[in-house]
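Below: the structure, in structure tokens.
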Amino acid sequence: MRHLSIVGFGLIGGSLAAALRARQPDLVVTGFARSAETRRQALELGLADAMPDTLAEAIEGADIILLATPVLSFETVLAAIRPHLTPSQIITDAGSVKGSVVDAACRVFGELPPRFVLGHPIAGSENSGVTAARADLYQGRRVLLTPDQHTDPDAQASVAQMWRDAGAQVEWLGVEEHDQILAATSHLPHLLAFSLVDTLAHEDRHLDIFRYAAGGFRDFTRIAASDPVMWRDIFIANRTAMLTQIDAFADGLAALRAEVDRADGRAMQTRFARAKSARDFFTQLQEPQTMSKHWQVTAGATMQGTIRVPGDKSMSHRSIMLGAIAEGTTEVSGFLEGEDALATLQCFRDMGVQIDGPVDGRVTIHGVGMHGLRAPKDRLWMGNSGTSIRLLSGLLAGQSFDVTLQGDDSLAKRPMKRVSDPLARMGAVIETAEGGTPPLTLRGGAPLKGIHYDMPMASAQVKSAVLLAGLFADGETSVTEPAPTRDHTENMLNGFGYKVERDGATARLVGGGRLTACDIEVPADISSAAFFLVAASITPGADLTLTHVGVNPTRTGIIDILLLMGANIERLNEHTVGGEPVADLRVRYAPLKGIHIPEALVPLAIDELPVTMIAAACAEGDTLITGAEELRVKESDRIQAMVDGLNALGVAAEARDDGALIPGSLDRVFADAAIQTHMDHRIAMSFVIAATRASGTVVVRDIEHVATSFPNFKALCMGLGVKLSETSH
Ligand SMILES: O=C(O)C1=C[C@@H](OP(=O)(O)O)[C@@H](O)[C@H](O)C1
Ligand SMILES: C=C(OP(=O)(O)O)C(=O)O
């Protein structure tokens, strides 16, 4: 694009001009504004080259024309520019409602012109007018395009490129879907803010009310300072969807009013806890992935003291899944409040299960029984979590309803045929994306039959998916694993009174039984503890105790590997909690030596191998990892990601198809570098630990995924003397 014309030069149009001109100084921008003052300001601020008096002149010669006036004026604007348009010109808009724009265009042109690409930047602000324009308004924000099947693909591509050049992330949506979603997420909140402020402004004591109004009021009503004309137009243009949302809100408010009236604290707390956890969970979806955070970690750490890492991720997922289909109320403590486990929790809420919490790791699940799940209203969101999508594909394969399981960009690359193949053999109807990746759509009502499955890879997720489907299948389902993998599904099913038998490498159950609610205490996650087992082992002077760690023998590969390397780890206070062994682990610095990691330990330490590679780089001699090809299909290709990161830190590590060769040195000082983490929490945390042995500062990029499994990793690191700070560059 060489020439952009902006009709309506306010915050939205002005910010686009500012962003594009910063990147492309020779871009010609012309504009139109009704007020002479705005025309003058746009020129003075250097946002436009010309602000002619007529629309015809303002659009002349433009490649793209952006309509950025209030939505109800579009029809008048389109009618005015129509006689002057040339066939190659592209029109787009920035309206918050799309259906009404289609209608306006049809009235003016008889149809939606193929070169009219409907768009909506989700980047407003309560500030308005050209003087509020900012070159970074669209940085990392979403722009939604809502073309139809007749929209010209070239025109779409040009508009998408324009927004990307302004720093935005472009996504596509249907017109109706857009209007319904925006009614709920943007239009209703604005309406409520206007209404609340207006109501309070009429109260007798409104001066006092506003004088003493504190943070909550200010946060809630910030958007009531938005442009009244623009919002008047939006509420009218999106009237139908708005009314649906207002009614739904009014019902919720009436229910809450009744709870206040009855002083029903329990009901309110349940409602608020549900709202809080939904907000915590969904906030991470709101920020496009371009809003990355990075950590700068400077060498040195003490690694002394006593800490407890958060609850076990594998058990947290399973506690929700089994609690939901059990009869009765399951109380969970020690639940991991990380994004992955919260994704599982939200899925079951979406399927109608009442779940209270989590509050300080306590969750109460009101089980609905084997056949009580309800069809979710939308796709289920799995976030970054392979465990959620694979286990749920098994659990949901035998339901009566259709359901689609979808996750983030990292999950979208992970192989799902490993579960869809055996489930299809059981009779499930499952569609995957091309290449056997998510989203997965499960068709309801398919009768399942038990099978015997010889697993081709050592995967607890595949084993669990087949066993969970087996609960709903006719007859016996059995799975034989090529090597032992974590057995929490089997243990927990037994805890819920559902018999799973173990016979060597084979686990079996018979479908059609029932689960009875029970209490579950989730121990601390050994996979999270692993970062500190390694950190203390490579930090001279370290003496660290990790309390209440789950030491189920199918998970303790990391302890065995580190002991073989010469680590000083003691198990203290060993006991059993709810059928799972736990212990305190005391770890002190010890000079490590390189080893060939026994392949039998690989599946028992699969998530801990990335940080093991950091230990290896600090050990005397070479460490060889083989038989670990599964690492290539985790949240990232963990073999490549670790080898690349180690190379950047100055370690001549080599990737192998099924592992890596890592040269070690007891005096290792890592070089300063910036590390790519590929949206993978374990890669990120491994390199934070490595950075404590760097010569200066290591930048660990895109750190936010740490929250999937270890939300307080940063706080615990800082408590152990790790020097880190956040940066967005
Ligand atoms: O069942 C589970 O809870 C898990 C199994 C493992 O995956 P695979 O089954 O793919 O090895 C592991 O990597 C994952 O973090 C959790
Ligand atoms: C592989 C992992 O998790 P998931 O498969 O659940 O995404 C992990 O936590 O390291």
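In case you wondered, yes, glycine gets a Cβ from its N, Cα and C as well.
Where the annotation comes from TrEMBL, it is an automatic prediction and has not been curated.
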Same-site 3-phosphoshikimate binder from Lys293, Lys593, Lys634, given that TrEMBL records Lys313, Ser314, Arg318, Ser459, Gln461, Asp607: Lys634
Just checking: which of the binding-site residues Arg318, Arg414, Gln461, Arg638 have a C-beta under 6 Å from ligand 1? Gln461
Hey, which of the binding-site residues Ser314, Gln461 is the loneliest by Cβ count within 10 Å? Gln461
What is the average pLDDT across the domain 'Prephenate/arogenate dehydrogenase' (2-290)? 91
Listed binding-site residues (Lys313, Arg318, Arg414, Lys634), ranked by Cβ neighbours within 10 Å, top entry: Arg318
I need the least crowded one of these binding-site residues (Arg638, Arg682), counting other C-beta atoms within 10 angstroms of each C-beta. Arg638
For a Cβ distance below 6 Å to any atom of ligand 2, name the binding-site residues from Ser314, Arg318, Arg414, Ser459, Arg638 that qualify, or say none. none
